[in-house]
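Everything on this sheet refers to the single structure shown next.
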Amino acid sequence: MPMRLLHAVVRTIRNSRRLATGLVILAAMILVALFSPLIIKLIGGGTNPIEVAAYEKWLVPSADHLLGTDQFGRDVFAMVIKALSVSLQIGAIAGLISTVVGVIVAFVAGYKGGWIDGILSTFTGILLVIPTFPLLIALSAYAKNVTLFQVGVMISIFAWPFAAKTIRSQVLSLRTRPYVDLARVTKARDMEIIVTELLPNLLPFIGVGFASSALGAIFGLVGLEVIGLGPGGVIDLGQIIYNAITTGALTLGAWPMFVVPIALLTLLFAALNMVNIGLEEVYNPRLRGVAGE
Amino acid sequence: MTAEAPPVVTVDKSQDSAPPSGVRAWLSRHPLAAYAIRRFGLYLVELWGALTIAFFFFRLMPGDPVRTLIQTLQQNYIYNAQASAELIARYRTEFGLDGNLFVQYVKYMEKLVLHGDMGPSLINYPTPAQTVILRSLPWTIGLLGISAVLAWIFGVVIGAIAGWRRGKLGSTITTNLAIALAHVPFFFVALILVYVFAYTLGMLPARSAYDSSIAPGITPEFIGSVLKYGLLPALSIVVIGTFGWILSTRMLMVPILGEDYLVYAEAKGLKGSRILTRYALRNCYLPQITAFGISLGFIFNGNVLVEQLFNYPGLGTTLVTAIQQLDFNTILGVTNIAIFSVLTAVLLLDLLLPLLDPRVKYWK
């Protein structure tokens, strides 16, 4: 069974150049994040490059400091590497929580139908349509000194509707398929049908749900941070952009401080979006037949 | 604000009072009216739900606005005396913080719905929150409204062409660019634009909405100044927004291209441009109208950050200022106005759609 799943995954990736590109970029970023302690040590060469006053303040980019130093004399390149791994962790935590919540909501709503579906779908719809940023800001009032995990939980409160919406529409279309009816007439229990018949067919869309929730979560957190309401103690890419704005990097011309985090986040968003669209193109037959590059 | 209290009931009542069969028959003879009534009922439920979520969300936030107000007053007037219990009680009543949470909720909704009253603001005490908000509303509607519509028009047109000419080099580049940039925050583009055009080249202003040396009014100088100051913030929303619409329009366009009626149109010998505009485009811009309404809330989120960066005097900046001073009434007021505007826009677009889409008679 695991081998079969692996084969299916490899086949899917081979079928879509877009999906493959997105996954390669993501994998590269995850690798950098995994080795970030090592990379930071290499940059420091004995000293801790992200300690306050490790070097001189506001150094311009050079061979020693690829991206220069900030107002406290910290190496910007090392800070960016560290922040990237924090951003990825938050995206993964929030994406995972949102996907689990989204899958549960989608299954209960889509499979049960009726008034339960009505209530859950209306609620999901409201959260998707209204501007949720002010609500996220309200939550940030609690987040003065929180752990990375708590930030992930906080952000996923607004990221799960993305996953729920995608998956629910698929559950709706799948539950009327003949093989589900067949399982039902053989008196399979609801749970059994969901786990053995529906879930495997939904995996790609759960992937889409995860990618879009992770994207939404990082997006939301960066938003909070650039207006100075980010959770204290968590230094991710958004926080570095905020530091750049408040310390006057814009007027001083210290462009690496905000251009590099922006470029990295843009690349991350692009990779997640490629995974989304790649998966959809592979599994949506209407798009598959005629979709060109 | 319009009335929005337990509204579905009203719809049901009007049906009950008349003989049910008569109403049913009338509704089945007027499917469009039935659709409109259903849609309006859903709108009222959504509005009530969203306003309720927002209220409880903000009331559960830590912090005491009355203490903040008294501290501000003491700082401003170098007034050191302790606030008396009566004074605190008076302020509590004024800010609607009397009684338990449910009582507060009922009172707030009553004032909001019946009088459009959002309570006094803190950032501009004692000016009511709604006055503060109404002052900043036109700026946001102008900036966000115009940019969102422009992005939609550009995106749908370019996206349709990209789908139509799929496989060609230009289309491939556009599509991949759109995939890469569709989900970038407006704020990123705004930051880069400010750095290049305002700080490095010094061509355009980086802050505010108009030149403060020009008196506001309907004069050519003032309008020119507003346009000049609005260019960078608007551009950041339009650029990213356009990419988003390109992507979704292309994904709607591609499946349509295989349809029989397009093959038939081609077999008839119609010109490609005519098939694109009269046959294919019509099928993708209609769903995109609904999508436009749904995207407005998202655009508002992004707009908050853009306004804050440019210090643009709109709702977003008001919201952030209010949050920094724990001004509950203004924060909630801005949120409610945004919710109301977005949901109303979605409703209007949904009601407009049947007039544009001949297939609506099949709708339930």
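Glycine too: its Cβ is placed from the backbone N, Cα and C atoms.
What TrEMBL says about this protein:
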- B:137-353: domain 'ABC transmembrane type-1' (DOMAIN)
- B:40-58: transmembrane segment (TRANSMEM)
- B:141-164: transmembrane segment (TRANSMEM)
- B:176-198: transmembrane segment (TRANSMEM)
- B:229-247: transmembrane segment (TRANSMEM)
- B:284-306: transmembrane segment (TRANSMEM)
- B:337-356: transmembrane segment (TRANSMEM)
Practice problem: With the transmembrane segment (B:337-356) as the reference, find which of B:40-58, B:141-164, B:176-198, B:229-247, B:284-306 contributes the most Cβ pairs under 8 Å. | Solution: B:284-306
Quiz prompt | Listed stretch, out of B:40-58, B:141-164, B:176-198, that has the most CB pairs under 8 angstroms to the transmembrane segment (B:284-306) | solution = B:141-164
Quiz prompt | the transmembrane segment (B:141-164) versus listed stretches B:40-58, B:176-198, B:229-247: most Cβ pairs under 8 Å | solution = B:229-247
